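Chemist: A single structure is presented below for examination.
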Amino acid sequence: MRAGQPKITGAKITGAIIAGGQSSRMQAGGVSGDKFLQPLGSAPVIAHVIARLQPQVDTLFINSKGDLSRFAAFGLPAVKDIAMNHGGPLVGLLTCLAHASPCRLLLTSAADTPFLPCDLASNLIRKQAETGARIILACSNERVHPIVGLWHTDLVPDLEKWLQHAEKASIFWFAKHIGFEVVNIPLAHAPRLAESYDPFFNINLPDDLLKAREINEALQA
C-alpha cells in the first residue's frame, strides 16, 4: 500500500468509506466473503482505500449496514446504517452525512475502490470552492462515479425528503435532483502495465479481483 497525499489546508473535511452491497456477484463466482475484505497484496482491499483516503481528510470512518465487527482491525470508527424502511446506498449516504454533520464537507468512497487518486480530495474541494456546488462527483473515462464525491453536510434534510418520495433510489438521481458538478480525473498509469487503468476501478467479480492484483503488483514495483 502507498499512502495518499496530505489534504489541502483551509477546509475541514470528513471522509466516509461506504461498505455496502452484498458481494453477491463475487460469491456467485466462487469467492466467499465480503469483496472489500479480499486480500490484495499484503492487506485487504479496504485497507488500500483507507491508506489512500486517510491522509486527505481530517477524520475518517466506515459505514455499513452489516456486522460492524468486521472492521475492528482497521482502527476506524464504524457507523451502522440508520434504520429506515427504505434501503440501498442512499441510506448509507444519509447515515454518513448525518454522522459527519459537525464538519461542513463529506468525502465519500466505496470500500472496493483500492486505487483512488491521492489528490482526490484537493481536486474535489477546489471545484467546490470555484462553483459553490453542494455536490461534486468524480468522473473518469466519461463516466460519473456517484459513490465518489464531495457532499455538503447540510444536504441531510434534502436527502431525508427525497427518501420519502423518490421513485429512483440511487445516489446519481438524488445528485441530479439537487444539481452537481464533476471533476474529470485522468486514467492512471503504472510502469509495468501495458494499458492505463481507471483510478475508480472497483471490484465486483472474481476477474476484477485478479485485475486489481495485477495493478497492485505493478504499483508496488
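Cβ coordinates are placed from backbone N, Cα and C, and glycine is handled just like the others.
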Chemist: ILE18, ALA19, GLY20, ASN63, ASP81, ASP112 bind GTP according to Swiss-Prot; which of LYS35, LYS127 goes with them?
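Modeler: My reading of Swiss-Prot gives LYS35 as the candidate in that site.
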Chemist: Counting only other Cβ atoms and using a 10 Å cut-off, which of the binding-site residues ASP81, ASP112 scores lowest?
Modeler: ASP81
Chemist: Let me check the 10 A CB neighbour count of GLY20 (GTP binding site). How many other CB atoms are there?
Modeler: 21
